[in-house]
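Sending over a structure as structure tokens; questions will come in a sec.
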Amino acid sequence: MSSTAPPVLPISNAQPAAAGGPGAVMSEAPANNPAFRAFINHLSASLRHGLDQRRPWAELADRSAFSKPESFSEATLRVRKNFSYFRINYYAVVSLILAISLLTNPFSLVLLAGLLASWTFLYLFRPSDQPLVILGRTFSDFETLAILSALTVFVVFLTSVGSVLISALMLGVAAVCLHGAFRVPEDLFLDEQDASQTTGFLSFLRGPAAAAAAVPTVAARV
């Protein structure tokens, strides 16, 4: 009796869903995007570097250094000198006022967070060779940009987000100008400011460009 070979069972390798398949949005999570990670690292490093340059808060609130300016020109000069010296502290004060305004308006906070997340994950850090697919509908870069722009106009100008942000910024600027006008800057050492103007608290604004240039797999967007 001849022996028969056992039957060979077919083996199929599961293939990942195509980028343009129904229900697929992106095959790679945005948080795993190298450009996004580089941007977050650069942002956190810039924030730490900026906060390290802040002046002592006791010096900012020194009551003995406050006096009424004699003229509007003197008040303007004081604001310029104090802003040059307490730049980081003033940014922190304005940021705190913005945060409090948004926390006391949770609806505006949710809308703004959703808008920023949409721009970040659906356009800025989405690989250019990976189309955006939602519910089986493929959106081009131009369509995605148009939709996000329209959404931004709606959220900022047709909801409470715009009024909350503008009110908080106006209050922050008023607080900074009021402190700068009444704080006497004669005891401040301003000679070191020229060397530190190129690297400041807002240097992270160059982060997206630096991150995109550091990662060649992500194409630049217009």
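Glycine residues also receive a Cβ, built from the backbone N, Cα and C atoms like all the rest.
These figures come from a predicted structure and were not determined experimentally.
As annotated by TrEMBL, transmembrane segment applies to 85-103, 145-176.
Locate each feature and note its surroundings.
Listed by sequence, the residues of this chain that lie at least six past the ends of the transmembrane segment (85-103) yet keep a Cβ under 8 A from its Cβ atoms are 50-51, 53-55, 57, 60, 109, 112, 164-165, 167-169, 171-173, 175-176, 179-180, 183, 185, 188-190, 193, 200-202.
For the transmembrane segment (145-176), the residues of the chain that approach it from at least six positions outside its boundaries are 79, 83, 90, 93-94, 97-98, 100-102, 105, 107-108, 111-112, 115, 118-119, 122-123, 139, judged by C-beta separation under 8 angstroms.
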